[in-house]
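Notes to accompany the following structure.
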Amino acid sequence: MPETNGTEADSSGPRPGLRLELQAIDLDRDGHGLARWQGWVVVVPGLLPGERAKVQLQQRQKSRWLSRISERLDSSPTRRRPPCILAQDCGGCTLQHLEESAQRNWKQNQLHQTMLRLGGIDHPQAPALTDQRGLGYRNRGLIPLRRGEDDRLRMGYFRRGSHRIVNLSRCPVLDPRLDALVEPLKQDLDTSGLSADHDLSHSQGLRHLGLRIGHHTGEVLITVVSSQQLPALQRLAQQWIERWDPVKGVTLNLQPRRTNQILGATTTVLAGAPTIRELFCGLQLQLSTTTFFQINTPQAERIVACIVSWLSQAELAGPIVDAYCGIGTISLPLAAQGHHVVGLEINPDSIDQARSNADANGLGARTEFQAGDVANLLKETLATCSALVVDPPRRGLESSVIEAILSDPPGLLAYLSCDMATQARDLKRLLQPEGPYRLEQLQPVDFFPQTTHLENLAFLRRVSS
């Protein structure tokens, strides 16, 4: 395997500016090519396994060197033309240059290797539930805003490895109904003269533009994130409501703090309604500016259907506990099948929305939602439940949650994860030798085509007291 071009490489070792010829042997977890030279790992964004390229080293990152391609010397049979013209610059979707079947194969192999390495788990996976659309799947976008030195508004995601905006007029992974609004909204905000600087210098003005759509209803909610009240937005908001019938509401979210957290605590209505309707698994939900809701609605419905189907095969004498329940996207479909469900969630606003959604769908009598620390609430609810569903944030289950589960293990446990590494870590503890559980099934779900992300559902069954 060629490693250098033999012209600049020497025994002095790697340094910024050094030119090499390398061949990628794998992709890292961010979807960038990985090569080796003189014992060093070299990251080559844009290079696929098996491809050779002339590269230039840029900077050292701990035990790795970041490089950029000067010239790609050959092409993998799995390479394709990216569907987005900004794919090489934008840091949002790092696998667009890889055919989608190859994306899925790589993701499933990543899942297998991660489970084996971090969890000691060598278990067959079911084929990933895939989104055949590939594009246009995102029901929400939060897009940074900034005025350039020429005073023109830039709107787009960050350039790879930086906080510089890649100016865009469309985004192919956005729902096409939202994508059609991106350019006219940018033009309106540009001509408004309002200052804009997402979070670089934290100057006053616009920070982000938020777009959200009900996949099944077509209703749209526009949100402008700003550091302060901007009276000029009131006029724009009314114009948007009148211009586009699907736009049911325009809100202003205030984020005055110096933080990377996009949304602030205060949201006000500029025009129309504060929420939009969505139909999810046949149930009606209300989505606001700050509601946490899965980005890919059809894929979320498929994974919830898997959970409902698996739990419905068992004779459950007690209730199902849904930990990290959010607004009830798993709890309510389970209740609709006749189960009694107890939802646990630390965010009181989400609990309020879950209760409202339950009442709106006639499921209030079969659901109970509690706000508070999940570990503490589990200690009070596990003794009487027959099954547990957990859908934690990316950091995975807190140690106290795992201890609560192992102290009083329910008969069935469904663990949905958005981070395979933390899930593998947690499963290692839940599946410890002489422990109460055995792993029954791994079901990966590709929520985010063109990216490295893969969600995974693990089904565990209790085998001992």
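Quick reminder: no glycine exception, Cβ is built from N, Cα and C everywhere.
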Among Q284, Q286, Q294, which residue does Swiss-Prot name as a further S-adenosyl-L-methionine binder in the site formed by Y324, E345, D391?
Q294
Integer mean pLDDT for the domain 'TRAM' (13-71):
96
Helix, strand, coil: count each for the residues of the domain 'TRAM' (13-71), based on DSSP.
0 helix, 35 strand, 24 coil
Looking at Cβ-Cβ distances, which residues of the chain lie under 8 angstroms from D391 (S-adenosyl-L-methionine binding site) while being 6 or more apart from it?
D322, A323, Y324, C325, G326, I330, L416, S417
Largest separation between Cα atoms (Å) of residues that the record links to S-adenosyl-L-methionine, namely Q294, Y324, E345, D391:
16
Rounded distance in angstrom between the Cα atoms of C171 ([4Fe-4S] cluster binding site) and C418 (active site, nucleophile):
23
List every residue in the same chain as Q294 (S-adenosyl-L-methionine binding site), at least 6 positions away in sequence, whose Cβ is under 8 Å from its Cβ.
A300, T329, F447
Between C418 (active site, nucleophile) and C93 ([4Fe-4S] cluster binding site), what C-alpha distance do you get in Å?
17
